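Worksheet for the structure shown next.
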Amino acid sequence: MMKVLVVVALLVTLISYSSSEGIDDLEADELLSLMANEQTRKECIPKHHECTSNKHSCCRGNFFKYKCQCTTVVTQDGEQTERCFCGTPPHHKAAELVVGFGKKIFG
């Protein structure tokens, strides 16, 4: 009977040790993921800055993520180039205006 108790105690100890290592690995993975998210948050392109070379990296605004808006620019030589900047699309501006107005009315 004593041998069975010793074996059971040993198994419980091994299982708890291996599960705690698994949890530590999980926490390390979560930490790395959070650090990667923070780094991408730092690398986003602010409002009114150029996003011609990286159109999907605009930062978030108050309610929505800014969109890369492009226009065609004609230089003095007659050459056409595309220039893009991060900005708020008109329908997002309208939604922000309605939400702001609602906050003023309803507090």
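A Cβ is built for glycine as well, from the same backbone N, Cα and C atoms used for every other residue.
In Swiss-Prot, Cys68 is paired through a disulphide bond with Cys51, chosen from Cys44, Cys51. Only one of Cys70, Cys86 is recorded by Swiss-Prot as the disulfide partner of Cys84: Cys70. Among Cys59, Cys86, the one Swiss-Prot lists as the disulfide partner of Cys44 is Cys59. In the three-state DSSP scheme, Cys58 (disulfide bond) falls into the strand class. If you compare Cα positions, Cys70 (disulfide bond) sits closest to Cys58 out of the disulfide-bonded residues Cys44, Cys58, Cys59. Reduced to three states, the DSSP call for Cys70 (disulfide bond) is strand. Here the C-alpha separation of Cys86 (disulfide bond) and Cys59 (disulfide bond) works out to 8 Å. The closest partner of Cys44 (disulfide bond) among the disulfide-bonded residues, by CA position, is Cys58; the full candidate set was Cys51, Cys58, Cys68, Cys84.
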